[in-house]
Amino acid sequence: MRNLGSRKEFLKELTKDVKRDLRNYFQDRDYGIIAVTREDALRAFVVRTTNLCEIARLRHKLSPIATAVLGRALTGALLLTSLLKHGTEQRVLLRIEGDGPVGLVVAEANAKGEVRGFVQNPDVPTFTKVENGRKKFDIAKAVGKGVLTVVKDLGFGTPYESSVPIVSGEIAQDIAYYLLKSEQIPSAVGIGVLVGETGKVEAAGGFLAQPLPGASERAIDKLEKNVKSLPPVSSLIKEGKRPEDIAEMIFKGFTTELLALKELSFKCKCSKEVAGRSLFAMPKEELESLKKEGGVSIKCNFCGEEYFFSPEEIDEILKEKEKGTN
Ligand SMILES: [Zn+2]
């Protein structure tokens, strides 16, 4: 039994024509696809996040290794939107609190495919390790040991929050561990961010593959084998593979069917109004001195956007505060 509910009518086999349509429609933009297998109950969410990772790098002036860390977290948060209802305002926040030099890592994504996030230390210097004869960023060392927390805001009542220890620090494995321990969903997760010589993001993406209720043992074994032999997802994207191509590789030996599509973007919901509220919360004396200094810039942690408040605007806030206290 496939647990597809009312979305069954959207199922489309990934034929050559469908793949061409996807290419023409999305071109070089970031997007994700949800795919299932026709013959068995397997599901995968595969995303390309190159552009949004590059936007995050520019907005936060991230060092190369900080780019790789935040890029993985942003991609991971988007993969975790699998836990949400498609297309809604529901949100998931991924918080990684490790003792490594990058410090706190936060990424928040909603079910519409919008993501934002930051790292505590954007200028952390790069250090590498050698793996299979190749020099790689040592992400685990940058993140360190600590706790990974996922907060799900489903739009009703208190958000659901659950934490697991950081088991690897490479982020993808940690998300898989969270899904198994906290959500009881055995999953294979792969995430990669390729940073070029100049620090620019050359390719980024990820996948989350899982058996649905009723999947056969044979299908689960095959899925595991396919995922194990899959090259790093960032190399696949770098060589021009698209989410649908990667889904086919994950589902090798099955017929891959397209269930849903999602455009992905770096987007923050901050505004001058929200920034103004944080000023409003400041003591009167502090506002008076900011006014004398010629105004103040309030920076949004999540996206790096700065909102300037002139002395006149601070005066307005002071007047509002007066009203509130009388
Ligand atoms: Zn913002």
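Cβ coordinates come from backbone N, Cα and C, glycine included.
Nobody curates TrEMBL annotations by hand; they come from automatic prediction.
Positions annotated as disulfide bond by TrEMBL: Cys268-Cys270, Cys300-Cys303.
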Between Cys268 (disulfide bond) and Cys300 (disulfide bond), the C-alpha gap once rounded to whole angstrom: 9
Under 8 Å by Cβ from Cys303 (disulfide bond), counting only residues of that chain that are 6 or more apart: Arg59, Arg116, Phe118, Phe266, Cys268, Cys270
Spatial neighbours of Cys300 (disulfide bond) that are distant in sequence (at least 6 apart) but have CB under 8 A: Cys268, Cys270, Ala275, Glu306, Tyr307
